[in-house]
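See below for the structure under consideration.
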Amino acid sequence: MGIKGLTKLLADNAPSCMKEQKFESYFGRKIAVDASMSIYQFLIVVGRTGTEMLTNEAGEVTSHLQGMFNRTIRLLEAGIKPVYVFDGKPPELKRQELAKRYSKRADATADLTGAIEAGNKEDIEKYSKRTVKVTKQHNDDCKRLLRLMGVPVVEATSEAEAQCAALCKSGKVYGVASEDMDSLTFGAPKFLRHLMDPSSRKIPVMEFEVAKILEELQLTMDQFIDLCILSGCDYCDSIRGIGGQTALKLIRQHGSIETILENLNKERYQIPEEWPYNEARKLFKEPDVITDEEQLDIKWTSPDEEGIVQFLVNENGFNIDRVTKAIEKIKTAKNKSSQGRLESFFKPVANSSVPAKRKEIPESTTKGAANKKTKGAGGRKKK
């Protein structure tokens, strides 16, 4: 879920914190990518029609591999250096949110069965996407593929968004690419939405800068975290009737959740009986992340050509000619990106960003939309 309504809240109250950037403007940049979010997108979009999905000869789904392979090559060809960060064990506080998601998938599965029996193609398409879940096997497959491609992988101890933010705060990467707005709540200095969208969608990258958020909202980082908790996050329920705009007003007026609770009209607003906002706050401020330099050995290496062919072609039925051409693209891209950003050697490049247009910013583009098929390296349909 991320932070409920945060995109609109920022568009209305802190518009200068958001800038549309060209995909190509990140040439030479190291970017931490929320891997699970990307894999979820691939499973929903790549080669999928209704309940049909790309599979190998054994009937195992390969949409995530095709999506990860093609999208990563696109990043590399643009001179971008991705670092994929995978989720570890979720915090205990997230159990309730995960239970809600499980329940929604179960409901969607029942609805999908009804849609199939009725032959309603539109509902089949809709409900089949709601049943998608990223599994350990999907993650393991993508980790193996990325390592074969010479792209660094970080396995977070807990939340991937928190680890991405930590990499950004420590200067190891330029920004964080995800669709979950709680990357900002974890304090990522620069947060990028739509970087992992397919080029066919032609949507500019939306770059958020946390320093400008705080400046425009006139909040401290602690107050911004409280604002996000009040708006609605993955770690605890929100107070019914308090949305983002009301939460901002209350934080500006009272400064913290504790003071808000002391002054809140209890007849108008019902506070949850067990509301672990303080624990949620601690998770945002002091997340469980890897800081050991040895565990964060982030290096981009040459692709293992034989390994890629073995994994994609021999084990997963991808087309050998397409995979071979893709490997050449990786090698060419690696040489290109080794040049580094031009401004490191010459004068700074002019900023190509343009002001954000609020009407073009959907609150959630990930878990729904893109219905276009993506042509890729291989696979076959599975019903």
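A Cβ is built for glycine as well, from the same backbone N, Cα and C atoms used for every other residue.
Computed from a predicted structure; not experimentally measured.
Swiss-Prot lists R71, G232, D234 as binding DNA, and of E155, E159, E315 the one it places in that same site is E159. Among the candidates D12, D87, D197, the one that Swiss-Prot lists alongside D34, E159, E161 as binding Mg(2+) 1 is D87. The two recorded residues, G232 (DNA binding site) and D180 (Mg(2+) 2 binding site), show a Cα separation of 13 Å. Cα separation, E159 (Mg(2+) 1 binding site) to D234 (DNA binding site), rounded: 11 Å. D182 (Mg(2+) 2 binding site) sits 14 Å from D87 (Mg(2+) 1 binding site), counting Cα to Cα. The Cβ centroid of D34, D87, E159, E161 marks the Mg(2+) 1 site; residues of that chain outside this set whose Cβ lies within 8 Å of it are S36, M37, V85, A156, A160, A162, Q163, C164, S178, D180, given in sequence order.
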